Amino acid sequence: MLLSIASFKGAWVAEMWEQIGESGCWNPSCIEDKMVYVKSLYSSIENSEAFPTSLVWNPWVPVRDLICCFELTFIYHFFLQMITQTVLTSNLKRDCISCSTGKFLVLLMIGGLAYLMLTNTSSGHSDSNGLAKGVIFKEGGIKEGDKSIMDGGNRFRRFWRKPPRLPPRLSPDEKGSNNSFIHDPVKLNEDSKWIARQQNVKKAFIHAWSGYKKYAMGFDELMPLSHRGVDGLGGLGATIVDALDTAMIMGADEVVTEAGSWIETHLSHRIKEKGQVNLFETTIRVLGGLLSAYHLSGGEQGMNSTHMGPKSIVYLETAKQLADLLLSAFTSSPTPIPFSDVVLRDHSAHPAPDGQSSTSEVSTLQLEFNYLSTVSGDPKYGMEAMKVLEHLKTLPKVEGLVPIYIRCELRPWLLLILFTPITVQSCVELLVTLPHSGEFNGENIRLGSRGDSYYEYLIKVWLQQGAERDGNFKYLYDMYEEATKGIRHLLVQKSIPKGLVFVGELPSGSKGAFSPKMDHLVCFLPGTLALGATKGITKEKAMKDNLLTFEDLENLKLAEDLAKTCFEMYTVTSTGLAPEIALLPHRGLDGGNKSSEYMNDIIIKYADRHNLLRPETVESLFVLYRITENPKYREWGWQIFEAFEKHTKVDSGGYSSLDDVTRLPPQRRDKMETFFLGETLKYLYLLFADSTVIPLDKFCL
């Protein structure tokens, strides 16, 4: 049975009047005695187990809006009876009327009961939620429009106030969970650790830039030991453009200003005057760098409208100027497969001497050209680039896997026919047996050099299409899905003796022998598999929303297994840095670190011991950390970064590739690749950053 505390207090008053009425004594001393008696009686009830211990006895302060559960159900009827008898007793009415004190007390009682009725009625809407209905509380206070509601209900309450409500207590399980209201010292210390490490990566970037700026500004690459620059990528200042988006992400404003000013002043002229450039390398390093800078500097709904350096339109116009010349590689080819090289000053293009291109090169142009069409409003860029993937869709494959070479024309074979004395019949037979234009050449299947980014761009270009990806671009995901099945079936094996999962090669196709060779370039695959599984969101969210298929879960497992193998390629060497190529199942030359658990699983040939400061492993660690939220990937990344700092940093500025990662001290190669600034340090910085910085469900990196 429910009884309000207000009724309890009313019963106390009624009992007092009952005692006074029965005694017939109305002088002040009698009234005081009866009050003491009744108070002691109700105090004993209040102190019993049936009365809530949270209430404090005070007969002069009514307590409202709280509901109590009494086990003694008769109390309510007992109190009701007392109130009724007290009010209706003729003796009480006659005696009260006969004295001024009685009249005053009767009026006081009636006023008290009326007040209790009013306050209980007005508070009836507030019990369920703890707030009066219609009142909205925000961080800044009460909304102005609700003041009238509060004024009417609080006229009496200004003097009669409840004690403040305490916040609900958390259970032990809730206390252990993520809660934004709890400042966990351990978590705060962990966050500060990664912020500090992130800043160390930024310092490394500035050190690399300082060496380039001092000795090689305007050249494609720095030779940090010789203190000079070299143009190995066409002379377009590739390091400047490739590093610019990294500087913007890191907030390295001085670098952004210096790089942006150089681009605004010099790059357009160089594009007009320079000679031969490689279509693939120029697209991913220079065109991609310009478009990233355009977006990050606020162009076309970009990230930040306030930035250092030139206006964002400068980057877009320069990108269009370059892309217009690169388009000649597509338009000059008789097939959908573009020529490999472009002569900028002649507005011309030509194929490689053997008439073929790398499969990865022709299929790793679409992200950049598609985005340029989007921001420029001119569809020609994306249309030409997408013709390549549309053509590759029609070609025969081996369980979704493709050879590493593709022909863009028949020129070498036509020359052979023209200058070789053969009959017409022999010529026809030769043409029938030779690969047709635009088809794969050879059977060599691998995910290392010349094959890697074909698989990477299938899923990334599909993701880039956004809402349209399940329409006309669904074929890209189908090709990716078929390829991942083929990888698991034909290329994945385990090493001996410890069982590291790795991806090998098929040099002679699916019917030939399996090669246990794994390039460092293959370490792009863990990140790609994870990205393809969750589409950039966390694994936890994807599982919660039931978005993962069995195929996705298999790919995630393979991604994590391969990431471990890629990391162990670093740990087995004396320097802690990975070689360019490793062999896994066979015994042979090891990496030099005798304490490594996997010393006998990862074999390194003499010719493969160099390290070029490549980004593939740290990119996969970054993606896997964002998706799985497992901190081990951060720790692995930090270990790799420390090895770079220890063995490749050049005191005078810059970082150097290594000749042999198995020896201490390692011999240096005197070359700092553009991708060390443009990718390797970028991914390390993002690995240690908050997940809201360049979120994977919104950016294709």
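Numbering starts at 1 and runs along the chain as it is shown here.
Here the Cβ of each residue, glycine as well, is placed from N, Cα and C on the backbone.
According to TrEMBL, the protein carries these features:
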ACT_SITE  E281  active site, proton donor
ACT_SITE  D452  active site
ACT_SITE  E580  active site, proton donor
ACT_SITE  E616  active site
DISULFID  C523-C566  disulfide bond
From E281, C523, C566, E580, the recorded positions whose CA lies within 10 Å of that of E616 (active site):
C523, C566
Cα-to-Cα gap, E281 (active site, proton donor) vs C523 (disulfide bond), nearest whole Å:
19
Measuring Cα to Cα, how far is E580 (active site, proton donor) from C566 (disulfide bond) in Å?
11
Counting across all protein chains present, how many other Cβ atoms fall within 10 Å of the Cβ of E580 (active site, proton donor)?
20
Local Cβ density at E281 (active site, proton donor) - other Cβ atoms counted within 10 Å:
18
